[in-house]
Amino acid sequence: MRVWIVFLLCLAGHAMAAPTEEVLVTEEELVTEEELVTEEPIFEEETEVGVNPVQVDVGEFDEAIEVIEDAEENPCMNYHCKRGKVCEVDEDNTPMCVCQDPSTCPPAEGDFEHNCGTDNKTYETACHFFATKCTLEGTKKGHKLHLDYIGPCKYIEPCLDNELKEFPMRMRDWLKNVLVTLYERDQDNDLLNEKQKLRVKKIYENEKRLQAGEHSLDLLAQDFQKNYNMYIFPVHWQFGQLDQHPADGYLTHSELSPLRAPLIPMEHCTTRFFDECDTDGDKYVALEEWAACFGLKEQDVDKDLII
Ligand SMILES: [Ca+2]
Ligand SMILES: [Ca+2]
């Protein structure tokens, strides 16, 4: 998750330009639909304050203390429900997850909390979105409903063919810069694991590397030809970051969401790009499809690079 925070810091500054820290995005906003994938309730060792909406709903401070004192007797306390659901106990005091009533979601503190669904409706917050999706569970409409992007729904201009071609050029350059930035900042944090660091070190130390900045498409294209090898790992790395639920070599809509959702309002080719990446149209973006989308040669697709 930490990597995503840095990631979105980068995103929020300038879409796919040099990483900056201009806008803070909270973890709560890093809406992934990952928890939608998890159908079974998950028991957690530690209680994450605020995760259980029952806790969030406690209004008065005094009552809050009371709830915490009763924690051991509250079967819902360590019972985690996926987004859109809350824990309730039945007559036998057994906890279970039920759909949250959207009207119990805390109101948005600003437009930045709004989310646009694939039904082109603006949801006040991610909580409202997931609660609504839950109520549609089992229906065709519910199955089709995904979180499309962060922010209120707006007109997104169509992506033209020539613009679509530019998108991966800028994105792979940006991915490389994100990795280099993570590497530079890695002194005190474990933003990258040791294997990843070794890979990025080579890119970082390569003097021929195109430095982060606003570059013309011609220069980006030239650099991709000249320094092709530097782009292989970043493209794989991004895939590995997204392919987590489960890590099976295929990206679902939900897995792509952390990348798509903040990007769509800023980059109007995002949706078309990811749709067309799925060349066989099976709704999943396989590693091979992903790599091809970014211009990698077939022989350079290597699942062992996802480290
Ligand atoms: Ca997957
Ligand atoms: Ca596919």
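Each residue, glycine too, has its Cβ placed from N, Cα and C.
Just so you know, TrEMBL annotations never went through curation; they're auto-generated.
Listed in TrEMBL as the disulfide partner of Cys76, from the options Cys87, Cys97, is Cys87. Note: TrEMBL links Cys105 through a disulfide bond to Cys127 (candidates: Cys81, Cys116, Cys127).
Recorded disulfide link (TrEMBL): Cys99 to Cys134, out of the candidates Cys81, Cys116, Cys134.
Here the candidates are the disulfide-bonded residues Cys159, Cys277, Cys293. The one whose C-alpha lies nearest to that of Cys81 (disulfide bond) is Cys277.
For the pair Cys76 (disulfide bond) and Cys153 (disulfide bond), the C-alpha distance works out to 35 angstrom. In the three-state DSSP classification, Cys277 (disulfide bond) falls within a helix. DSSP assigns Cys116 (disulfide bond) to a strand segment in the three-state reduction. In this structure, the C-alpha atom of Cys87 (disulfide bond) lies 30 angstrom from that of Cys153 (disulfide bond). The separation of Cys127 (disulfide bond) from Cys99 (disulfide bond), Cα to Cα, is 11 Å.
Within 10 Å of the Cβ of Cys127 (disulfide bond) there are 24 other Cβ atoms, across all protein chains.
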